[in-house]
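These notes are about the structure you will find just below.
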């Protein structure tokens, strides 16, 4: 889910932190990608014309493998080096959100069954997408595919977004890529969104620069995290009735969640907002400030040449993909990863010193002219 309303709030109050560009603008970059979010996207988006997920002859879902294979090739063809990060065990505090998702999924399954005989294809697809979840088996299949492709992946001990941010902070990669806005709470220098969307959607890539967000909002890290918790995150419920506008106003007025809670608790007659009983906002704050991650210095990322015959065995013989397409994709991978991705030009040039203003130039010219006249007079 991420943080409710954060994307729009940043666009409104910190527009200088936002950039939009095309995939080609990221050439030469290494990027840590939230794999679990990607697989979820692929299971929803990669479908047959009738709306069903891709399957092989045995009826096994293969949408996630198709998406991972072809979107990764697209990144490599644009001289981008991806590293995928998989979720580990979720924090205990996230249990409530996961339970809500399970209930929503079960309700969607019931709705889908109710309209099975009389509903339209569009209705069926809509409810079908709501039932999607990434299984452990699908995660393992994606990891096996990445190994054969020669693309590195990291198993995060906990949240994938936090590990992506750690790799970016530690200089292993340029940016963290995820659709979850709570990624920005873990301090990646840059957050990229829409990176693995299909070309057909024609969505530009969003880049959010963390330091510029804090600077524009005039907040330190802790205050920004408090804002995100107040907006609504996966770790705890928020204060009922508090939307983005009110949350921003309260944080600006009081400076922290502790003071907001104190004010609302001590002044029930001045506000309609009620703090949830035993609200674990402080525990949520600690999870954002000190997430469970592997230190970037301990992670060794290595991109290798793809195992073409291994890909044929796995993707064609076991999963039912077209051999011609897999071989063609493997050749593109081979070409893209051969010898490493080309470095960016901005790494070879230093900034040009700011030119002197015209007044300085004029003074120099006047001085030079005066010296010239004096020399002629002496002759």
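Cβ coordinates are placed from backbone N, Cα and C, and glycine is handled just like the others.
Marked as Mg(2+) 1 binding site by Swiss-Prot: 34, 87, 159, 161. Cβ-based neighbour count (10 Å, all protein chains) for residue 159 (Mg(2+) 1 binding site) stands at 28.
Under the three-state DSSP scheme, residue 71 (DNA binding site) falls in the helix class. Note on residue 71 (DNA binding site): other Cβ atoms within 10 Å of its Cβ, all shown chains, come to 22. According to Swiss-Prot, the feature DNA binding site maps to 47, 71, 159, 232, 234, an assignment based on sequence analysis.
Annotation comment: Swiss-Prot describes 180, 182, 234 as Mg(2+) 2 binding site, evidence class sequence analysis. In the three-state DSSP scheme, residue 182 (Mg(2+) 2 binding site) is classed as helix. Long-range Cβ neighbours of residue 182 (Mg(2+) 2 binding site) (same chain, at least 6 residues apart, Cβ-Cβ under 8 Å): 2, 3, 6, 161, 228, 233, 234, 288.
Here Swiss-Prot flags 1-105 as region 'N-domain'. The average pLDDT computed for the region 'N-domain' (1-105) is 84.
Residues or ranges marked as region 'I-domain' by Swiss-Prot: 123-254.
Feature annotation from Swiss-Prot assigns region 'Interaction with PCNA' to 341-349; the stated evidence is sequence analysis.
What Swiss-Prot lists as region 'Disordered' is 344-379.
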By CA-CA distance, flag whichever of 71, 180, 232 among the binding-site residues is nearest to residue 159 (Mg(2+) 1 binding site). 180
For the binding-site residues 34, 87, 180, 234, which one has its C-beta crowded by the most other C-beta atoms within 10 angstroms? 34
Where the distance is taken from Cα to Cα, which of the binding-site residues 71, 180, 232 turns out closest to residue 87 (Mg(2+) 1 binding site)? 180
For residue 34 (Mg(2+) 1 binding site), the close binding-site residues (Cα within 10 Å) drawn from 71, 180, 232 turn out to be 180
Should residue 234 (DNA binding site) be counted as helix, strand, or coil on the basis of DSSP? coil
Quick check on the binding-site residues: of 161, 232, whose CB has the lowest count of neighbouring CB atoms inside 10 Å? 232
